[in-house]
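Now, the feature entries from Swiss-Prot:
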type     : residues : note
ACT_SITE : Lys77    : active site, charge relay system
ACT_SITE : Ser152   : active site, charge relay system
ACT_SITE : Ser176   : active site, acyl-ester intermediate
Amino acid sequence: MSFNHKTIEELHDLLVAKEISATELTQKTLEDIKSREEAVGSFITVSEEAALKQAAAIDAKGIDADNLMSGIPLAVKDNISTKGILTTAASKMLHNYEPIFDATSVANAYAKDMIVIGKTNMDEFAMGGSTETSYFKKTKNAWDHTKVPGGSSGGSATAVASGQVRLSLGSDTGGSIRQPAAFNGVVGLKPTYGTVSRYGLIAFGSSLDQIGPFAPTVKENAQLLNVIASSDVKDATSAPVRIADYTSKIGRDIKGMKIALPKEYLGEGIDPEIKETVLAAAKQFEALGATVEEVSLPHSKYGVAVYYIIASSEASSNLQRFDGIRYGFRADDAKNLDEIYVNTRSQGFGDEVKRRIMLGTFSLSSGYYDAYFKKAGQVRTLIIQDFDKVFADYDLILGPTTPTVAFGLDTLNHDPVAMYLADLLTIPVNLAGLPGISIPAGFVDGLPVGLQLIGPKYAEETIYQAAAAFEAVTDYHKQQPIIFGGDK
């Protein structure tokens, strides 16, 4: 018997009643992972021995009835540090790296007696939108194995969507949680910048990165955010604000809520059927008592260009530490120090990572800094101001998560610009440091469509409230791919 159809609350009740043990739940989860892994390829590492050892220890002391997450398995994206478990960032550069410390988000999960079941596949160093740049494998979409799962947190999304695990962690720099959540029909939240500590996250774009949760439902997503969100003195960008319970508004009605629908989010490049899906969702919110009105975010069209200058510049700086000297891969054909640097980085990084390092180095160079990096920072401010103006009058922003549904494997990985444009609708949220969620909102050609809800900073509770209200009157989250046991 598989437990992957049970909610976290249902699993908790079974554990407290001793109808199952943490060890049995872990064993069943490992079986679910193994039976589906060949089809989807969600994991780089499955930490079977460590997980069973941890489960046995939890059983020995007993399940805490007041701790919802006690004994619950968790999959973790492979750019989040896990002590004693390989953390590769899906790169040859770190293919054998085993950290000696846990990321704060992982430590918080351990503190709640969650069981880290394994590390999920991703785009190398989180640079990509399809999980095709991984050094190890290409993950496949849970709904159609000829399609991409999205990225960069593709493995974390497919692990939940395919029923391998109930909960997982990802990271979002320009849409890397929300886009794969949309492509796989699950709930993925990018929290407000600073809500979840970045300590132990292998950095890509330090002013953009944020760890966040994946789950099958809105409430379970909020329950996982309750675990990982915390202020942290180890992270200089950690926010002091701490909401006690992100589920507190779930179940409340949304009568009187004002929701903005930016005309730019339904314009050029958006699949007409996705536009129809979003407009239908807007009518559903109106039926629930909310007001939905068209607004403008005029500078959002510059988001992709701004993002790839800023993110690549930050990446070129962050990735300087991978030099073949201290840890990770070192080229064995080097004869001197210069060759160690050059050969290690040439051989250790994949093409997309090298492309972004070069772009970032160029943008930061003395002759071009003002024209590119400085200018990008100025336009970023304009994008932030656009959001501020809208949120002065509205509670949330509504729109599609992605311009299209999941595209085919090996169709965009040789066209960087087309791949970058797939993040058109998610990038502005990271540039502004805002919270954003993707929830299932329909299907086009049998593939899931994600609906994005964006809020002002620290408005996760309101986002969850609206998302849960929509979820309660639709059944998209209940529909599952064949690999999970569904009929699609």
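Just so it is clear, glycine is given a Cβ too, placed from its N, Cα and C backbone atoms.
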### Query
Per residue, counting other C-beta atoms within 10 angstroms of the C-beta, which of the active-site residues Ser152, Ser176 reaches the highest number?
Ser176
## Note on the structure
If you measure between the CA atoms of Ser152 (active site, charge relay system) and the residue listed as 'active site, acyl-ester intermediate' and round to the nearest Å, you get 5
### Task
Mind giving me a neighbour count for Lys77 (active site, charge relay system)? Other Cβ atoms within 10 Å of its Cβ, every protein chain shown.
33
